[in-house]
Amino acid sequence: MKIKVGFGFDVHQIKEGYPFIVGGVQLEHHAGAFGHSDADVLVHAVCDAILGAANLEDIGYHFPNTDMRWKGISSLLLLKECMGLIQAKGYQLGNIDAMLCLEAPKIKPYIPQMKIKLAEVTGLDIDDISIKATTNETMGFIGRQEGVVAYAVCLIERV
Ligand SMILES: [Zn+2]
């Protein structure tokens with residue numbers, strides 16, 4: 001069986017008064033991520049990992065931020081599109097391992113809900129979705145709560 005690995009990274013600015021949607025879940029916070037679609041940093045990193053594994057360019061190639069179709073939409077829809085793209089190329093998703101890097105709020109209580117959201121869209125078992133979180137120890141733009149970063153890897157298998 002042919003297996004391939006993919007890697008994704010994303011970053012968004014954090015701005016006062018914006019909704020903070022991560023992994024398809026809205027966090028309770030005074031500020032949120034700013035960007036195209038719903039600025040879901042975790043889902044964007046996962047999309048890039050999935051596309052990368054199948055050598056299908058990146059999220060900006062398929063869903064350009066100049067395209068008004070993608071303005072303000074749920075990034076879970078983009079993830080669904082990515083699943084279709086790898087399936088069309090003969091692959092299925094094996095697992096996801098993702099890492100969030102942000103100072104606040106605490107992510108742990110939201111992780112089970114995020115896993116459910118990702119499982120619904122990808123068809124993966126919950127046990128094949130790992131979401132971890134760390135702070136940046138108050139250093140740099142993440143430490144100053146000016147931005148949020150996510151990394152993700154995934155594995156795909158040829159069907
Ligand atoms: Zn993004």
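Backbone N, Cα and C atoms are what each Cβ position is placed from, and that goes for glycine too.
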Look at the divalent metal cation binding annotation in TrEMBL, where D10, H12 are given, and name the residue from H44, H62 listed for that site too.
H44
By a 10 A CB contact count over all chains shown, which of the binding-site residues listed here is most packed: H12, H36?
H12
Cβ within 8 Å of the mean position of the Cβ atoms of D10, H12, H44: remaining residues of the chain near divalent metal cation:
V11, A33, G35, A39, D40, V41, L42, V43, A45, V148, A150
Residues that sit under 8 angstroms from T135 (site 'Transition state stabilizer') by C-beta distance, when 6+ apart in the chain:
C101, L102, E103, I142, G143
Listed recorded positions with Cβ under 6 Å from ligand 1, out of D10, H36, D67, T135, N136:
D10
Would you list, in sequence order, the binding-site residues among D10, I59, N136 whose CA lies within 10 Å of the CA of H44 (divalent metal cation binding site)?
D10, I59
